[in-house]
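The ATP binding site feature in TrEMBL is assigned to B:Lys11, B:Gly12, B:Gly13, B:Val14, B:Gly15, B:Lys16, B:Thr17, B:Thr18. For B:3-151, the entry in TrEMBL reads domain 'AAA'.
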Amino acid sequence: MAVNPQKPGSDALRSFELKAASFTLPIIRLLDENVEAVAARLGAKVEKAPDFFRNTPVVIDLTALPSNSGAVELPLLVGLLRGYGMIPFGVRGGDKEQHATAEALELAVLRESYVRRDRSPEDPKGSDATETAVEVEVPASSVPIKTLAPVRRPNQGFMLVTRPVRSGQRVYAAGGDLTVSAAVSSGAELMADGNIHVYGPLRGRALAGMNGNTEARIFCQDLQAELVSIAGHYRVSENIPIELRGVPVQIFLDQKLLRIEKL
Amino acid sequence: MARIIVITSGKGGVGKTTTSAALAMGLAQRGKRTVVIDFDVGLRNLDLIMGCERRVVYDFINVINQEANLNQALIRDKRCDHLYVLPASQTRDKDALTKEGVGRVLEELAQSYDFIVCDSPAGIEHGATMAMYYADDAIVVTNPEVSSVRDSDRMLGILSSRSRRAENSDEPVREFLLLTRYNAERVEIGEMLSVEDVQEILSLNLLGVIPESKAVLNASNSGIPVILDRESDAGQAYGDVVSRYLGEEVPHRFIHTEKKGFLSRIFRG
């Protein structure tokens, strides 16, 4: 994995143009530099939703730590996250010393185009803290593709859900397809890096191609969704024509336009 | 070993406490040793519905904090020997319910009862999650209107991920739907969701439909579980619910408006 230790933009013109892409990624926002305390709370979180974290790329957010807290033991934390099946691949925030440690661990130092400071610090970790539409810029490094390697893992697997997905539940199939053979309630959220297939009524949200894969599609038997999205191109219920509601459809991107077609 | 039943809904005012009282009384009348626990700490109501509010000395929180033992806190119902009530504390808040404390009390009760009915508070916060955590069965009380249905759906999601059975990857909690305050006439003219509409959204095993009835309010006001009012439609419907819960096949009633309209029209006057 590549590292971008340079000051942002300073070296960007040399051999590559700076490109930006956005991903939705879980962020582990550290509030406590004591890794053991983090481990205890994280363990409890992961136990509740082990599938959510498995093979999930995560970013370690150091912005909330007091400055001069260089003592945070990144190697320990990275080992901890990997132990839970997560794929830590970058840090954001932090000081120079932490960046050096990250570099040594082959973690990317992510520069952000904006920092949201309005999040409540009470619940920094876990599934509830997934930030949507976090801008993660690809560092202008010599091997930009590799930086994304952990995010793009095609054919890594799929996830099958046979029980109804209830309002307030979210399911994320990282690195693959998601198939739901039951109903998806309004207020529920399906996410997949690959395609999404729903065989019961789809009344919640479905977001396919979470890692930016514009080839991803959503297939469903009964479209009543609140929102559908492919690689960030979305449409809300209000903008779905009535004749496409309640029938089997596929949803895909055609020249960056979200299209819904009867099956 | 007792079976722990949670009566839950998410939304308030849908009939959880009425259902808890009726179900507990119904089970006890059939000879099952039953205890009904009020988890609505701070907003105690079950004692009123059960008509034992003047006999409360110690409560659930006292037992959790080991300030009293179970026998001191349990109130025996005067109408049925097999039924006991464990009231909530009115002076504390939900935080007094600890997972260990609740677990210990339930375990002790499980030694000597067949059924433990947990009357959950509204909401999805601590009190409600404590009420459902140890459940074996969940009865989700829903009114035929969209906000109640959505809240029930949310509650079902929490049940399937945050109960003890889910955390231990045991056999999941058995979930049942109970539709209350159902008005067949308003359903017929499209003012209320039908049983089918709700079933389509929640896809749950239907335990029963309780019609909207004056008998419910009357029963609550006089502290008599409505199931004891055998003349009333709601009382009969709750009787059916208890039978169905115990595995009997009972046809659903009170779902459609009475068909006698046709005959009475012919023989009118």
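Cβ from N, Cα, C; glycine included.
The structure, with features from TrEMBL marked on it.
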residue: B:Lys11; record: ATP binding site; Cβ neighbours (10 Å): 20
residue: B:Gly12; record: ATP binding site; Cβ neighbours (10 Å): 13
residue: B:Gly13; record: ATP binding site; Cβ neighbours (10 Å): 11
residue: B:Val14; record: ATP binding site; Cβ neighbours (10 Å): 25
residue: B:Gly15; record: ATP binding site; Cβ neighbours (10 Å): 23
residue: B:Lys16; record: ATP binding site; Cβ neighbours (10 Å): 31
residue: B:Thr17; record: ATP binding site; Cβ neighbours (10 Å): 26
residue: B:Thr18; record: ATP binding site; Cβ neighbours (10 Å): 27
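The ATP site, placed at the center of the C-beta atoms of B:Lys11, B:Gly12, B:Gly13, B:Val14, B:Gly15, B:Lys16, B:Thr17, B:Thr18, has further neighbours from the same chain whose C-beta lies within 8 angstroms: B:Ser9, B:Thr19, B:Ala122, B:Val141, B:Thr180. If you take every residue in the domain 'AAA' (B:3-151) and average the pLDDT, you get 95. DSSP states for the domain 'AAA' (B:3-151), grouped as helix (H, G, I), strand (E, B) and coil, give 62 helix, 28 strand, 59 coil.
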